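TrEMBL lists 47-384 with the feature domain 'UDP-N-acetylglucosamine 2-epimerase'. What TrEMBL records for D527 is active site. Annotated Zn(2+) binding site per TrEMBL: H579, C589, C591, C596, in sequence order.
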Amino acid sequence: MQRAQEKMERLEKPKKERLRVCVATCNRADYSKLAPIMFGIKSHPDIFDLEVVVLGSHLIDDYGNTFRMIEQDDFDIGSKLHTIVRGEDEAAMVESVGLALVKLPDVLQRLAPDILLVHGDRFDALALATAAALMNIRILHLEGGEVSGTIDDSIRHAISKLAHYHAVCTLSAERHLISMCEDHSRILLAGCPSYDKLLSAYKRDDYADIIKSWIGDDVKEQDYIVALQHPVTTDIKNSIKIYELMLDALISFNKKTLILFPNIDAGSKEMVRVMRRKGIEQHQNFRAVKHVPFDQFIQLVAHAGCMIGNSSCGVREAGAFGTPVINLGTRQTGRETGENVLHVRDADTHNKIYHALELQFGKRYPCSKIYGDGNAVQRILKFLQTIDLSEPLQKKFCFPPVKECISQDIDHILETQSALSVDLGGTNLRVGIVSMKGKVVKKYVQLNPKTFEERIELILTMCKQAMADAVHLNCRILGVGVSTGGRVNPQDGVVLHSTKLIKEWSSVDIRTPLSSALHLPVWVDNDGNCAALAERKFGHGKGVENFVTIITGTGIGGGIIQHNELIHGNTFCAAELGHIVVSLEGPECMCGGHGCIEAYSSGLALQREAKRLHDEDLLLVEGMTLNNKEQVNAIHLINAARLGNSKAETVLHTAGTALGLGIVNILHMINPSLVILSGVLAVHYETPVRQVIGQRALLTAQGTKVMVSDLEDPALLGAASMVLDYTTRRTY
């Protein structure tokens, strides 16, 4: 009876209708972005009902009949629309839009989707969006808000104005849409869907076989070029000239090259004629193809010595692999790019392009995640489920003023832009997730291993754990910042010389293993410099043009900000403030010299003096206890001085005076407006430093402010600032 009753209740309970989603794909490029979403929709048949419409160049033999790869992926194509009017000129593009508008109404009326997914900036996509908008079908536009060259910009923005919802790849794209008066609550910062596939699949074991099958048996990894150049519809004549110069440069460069045919835009026919006139299809160094399956194309780009042309793949997907790219002409002007892209905007000579090939070929760059982190599809599917079909269909535009705060407390709209910070100290290894506002969202602490191999392994383990936790904490990781003791070359991400406290840490490349394993860009700098960067972004140095930060901890270090920029020096040893000599006959320093500030004022120096006093039975006073197992350290010296121990007071006075003299030297050399004392000993040195400045500094420098830092984790925050400052302003 009970089972029968439960069955009746289930039958009576109304089932939620599945969301009817129509995905329309026009060419090989947009399918690489739409396919991951289509697979995601197909894997949830209880939530979504997928319909696939194929049109445009997918159905043209000259462009590879690429609709077959959709069928090979086991998708049922509901409709195939032949919408391309051949001619490959401006008039043919217009006629193709018109033909699509004639054919689409019947298909959309028959399918009656709840929502239509449209990608990008192609003229075919404009026809799709126009038809759907006029037929009162909701539109989700992928990759709107971006900026590039040619007519694509106008088409992309036109589609955005017709679309009801938006899934964008970058924060800048989101801001552009908000500036265009789009409703912020209907914009999803998702990332590029193709990154979901390429970040997980590009390291296939059979990549060498793929290279051989497409380019030749004797071709090795990073010893070939991938070329892909499309016409620029607003400047066809010049784009054909650039294409001809590119082919000449590639012939002269004499490397095996996989060259793909251009897309179907106006001017492509002339480009193919140039290719054939130069005999590219018969040339021994070239393999000319109309189409490469996306999963294999990933392998070819990831392992190429260089990619050249003006395809968006070069400025977007190639960055995820660190593949060097040469971007020719103006087609991608305005796109956000990683440091792997070398722009040759005015590509008017063979020599310019050839020289760019010499500079880029065979290099490797840090992996970039400007356009995605591999989680776009799950965000888009989650976003689709939140669409309320009962809401009015009419779009609402949010006219200026634009909201100042573009972050809302809805996890599928905008995640917290964050950095992964690593702090390598003499004792502990710390990793933190740091938000844009300087909040340490989560911190991980382990003892710093003694060997290089164990240390790198532990860093990777902790970082991967933090990245996994970041998804649940609603944080998007933009990159990794590393703070470490020693002298660092931040340009190459290499520790040149380590401190004695960190073993096996000299001449160490940190950037490469971290970037390769985590697929993120990596920045590295000295811990003193990181403390200065932390103050500049989050602390007392915010808005101050010239200031100095002094770290008072186990050692003495610091960083110098001059004209808002961090000073590294010719050989990266600027701001080694702990090794300013304040006495010719002073105690020996860990650097091997004598009389350095660090030999007087560091935690190790105070510990040395505390042990000396303890050995002479001059440390402990009434109110202090010290058991036999407890190690004497600087804290015991400070407590003894606080309780009236004159010997301890003398040591601290000498330490404070030494630090003050060093700071006076700094004031006389670079004349900063602010000195920030950071670290565990800072509060104990503030008063003596001010006194020494008042007594010893030149009159014009005596008014320099001295402040104690309010930041709890300056090394972690400084490492994070390298990531946050760079990744959020990197626009070309």
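Each residue, glycine too, has its Cβ placed from N, Cα and C.
When the alpha carbons of C596 (Zn(2+) binding site) and D527 (active site) are compared, the span between them is 19 angstrom. The local packing around the residue listed as 'active site', expressed as other Cβ atoms within 10 Å of its Cβ over all shown chains, amounts to 26. Cβ neighbour count for C591 (Zn(2+) binding site) (all protein chains, 10 Å cutoff from its Cβ): 15. Residues near H579 (Zn(2+) binding site) in space but far in sequence (CB under 8 A, at least 6 apart, same chain), listed by position: C589, C591, G593, C596, I597, E598.
Here the domain 'UDP-N-acetylglucosamine 2-epimerase' (47-384) has a mean pLDDT of 90 out of 100. When the neighbouring Cβ atoms lying within 10 Å are counted for each of the binding-site residues (C589, C596), the highest count belongs to C596. Sitting within 8 Å of the Cβ centre of H579, C589, C591, C596, and not among those site residues for Zn(2+), are the Cβ atoms of G578, V581, M590, G592, G593, I597, E598, A599.
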